[in-house]
Amino acid sequence: MDNIYIKQALVLKEVKHVFQKLIGEDPMESMYMVDTIQRLGIEHHFEEEIEAALQKQHLIFSSHLSDFANNHKLCEVALPFRLLRQRGHYVLADVFDNLKSNKKEFREKHGEDVKGLISLYEATQLGIEGEDSLDDAGYLCHQLLHAWLTRHEEHNEAMYVAKTLQHPLHYDLSRFRDDTSILLNDFKTKREWECLEELAEINSSIVRFVNQNEITQVYKWWKDLGLNNEVKFARYQPLKWYMWPMACFTDPRFSEQRIELTKPISLVYIIDDIFDVYGTLDQLTLFTDAIKRWELASTEQLPDFMKMCLRVLYEITNDFAEKIYKKHGFNPIETLKRSWVRLLNAFLEEAHWLNSGHLPRSAEYLNNGIVSTGVHVVLVHSFFLMDYSINNEIVAIVDNVPQIIHSVAKILRLSDDLEGAKSEDQNGLDGSYIDCYMNEHQDVSAEDAQRHVAHLISCEWKRLNREILTQNQLPSSFTNFCLNAARMVPLMYHYRSNPGLSTLQEHVKLLSNNAVAGAERHVVHILCLQFVIE
């Protein structure tokens, strides 16, 4: 691997030189560079350059908004708007206001401008609540692109247009995109494109090697833990658990963080199984009380598998807290304990509903269901794993479930319930938001209820977009992690309608091929194929 790192350094040096030159000489071309770098999933190499390019473009964009819109192509207005907003630079949506009064002219002028329409459609996904002009622009682009597709079904860009309409960039992880859109960029024949392509290939090789080693370590950790021997009924899915941190911690250097985060994620899944299927209400109450006390005493009445699960939870959490204390000088144990208590209380509430046959009101279900996703537990752990200074003030914000964590959890809960309803996978035992909503609104059809849930998910994404633009105390790296978690949801829950899943499956299969040897590899193959349908 030494040679590949040497080669990476040489190519990286050349690309950085080209990038820095573009920032100074051609700000618009630097936007294409930023866009391509992000699509290729290599932005972790260019954080300073990307920020410098965006700062310069933000100054140009903000100082001459109307002139900029009038004197540039549609794609040259929409692309900087999207890139700036997704990095937290607020840009007024007024730049698209002229579409309201000139829709006929816009249709005539841009009906065949695929690049411009796609750029604008992608930009409208960064809207926040109340930005009607962006909503209108997005709807108009959607119409025009669909019309273009009907006229050009055999065009070499037709597949790309269809993919964009189904899965816009903002909601996807670049790593799992089969993205032909890069070819639309203006510099595709230049030396900088060749360098970027080479750098992306090198990066993919390094990431694949790193991930394979991590899967080996996760697999060994889980086997040595022995929990699967005692808790035989639990879903044995170390690959599925690992996929979340693998997708959200995108920098290859965060190897330790990905492995550490897999551990609490595994417990969220296992404890969820215990509460859903394998524990009586009395046992689950004792189990939850033990978590609240954070001690193993007075648990004699619990079955052995619950006792062992409690012990593993204590050990993993205390070990995690000790590592964070050594690294940051801050002990997060109280925050971690509170996150687990919240989760267990939510699980227990659902167990009470199931035991009594009670179907709660939709708002009550959703408020509890947001917590029972386990998102807060996972994101709290991820917060402490990152490389930034930690203080009591920021910890208090994370501890109190800020909007960005709430939104990610709500998107996951609603997406899970929506996919279950569409595929008829819900077993009806613990209900879903759609069940509760239709029980409240007897005149609503299942299709209308599903459209309502899809609308709620869309609104929550707008709140997430607002959080990107909000100047709060949360580090940008944590914000990006939360966004990646939300982007991972469609891959994990919308598998029947998401072509990106095939890329995810292939990636997991490739990793498992090299990470696990001999007879065990066959088991992992089965697991990696099963995790997407459970």
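Glycine is treated like the rest: Cβ placed from N, Cα and C.
What Swiss-Prot records for ASP272, ASP276 is Mg(2+) 1 binding site, and it gives similarity to another entry as the kind of evidence. The feature Mg(2+) 2 binding site is assigned by Swiss-Prot to ASP272, ASP276. Feature annotation from Swiss-Prot assigns Mg(2+) 3 binding site to ASP416, GLU424. Residues or ranges marked as motif 'DDXXD motif' in Swiss-Prot: 272-276.
For the pair formed by ASP272 (Mg(2+) 1 binding site) and ASP416 (Mg(2+) 3 binding site), distance between Cα atoms is given as 14 Å, rounded to the nearest Å. Of the recorded residues, ASP276 (Mg(2+) 1 binding site) and ASP416 (Mg(2+) 3 binding site) place their C-alpha atoms 15 Å from one another.
ASP272 (Mg(2+) 1 binding site) falls within a helical segment according to DSSP.
If you take the C-beta of ASP416 (Mg(2+) 3 binding site) and look for same-chain residues 6 or more apart in sequence within under 8 angstroms, you find THR373, TYR493.
Using a 10 Å Cβ-Cβ cutoff, ASP276 (Mg(2+) 1 binding site) registers 15 neighbours.
This prediction places the mean pLDDT of the motif 'DDXXD motif' (272-276) at 90.
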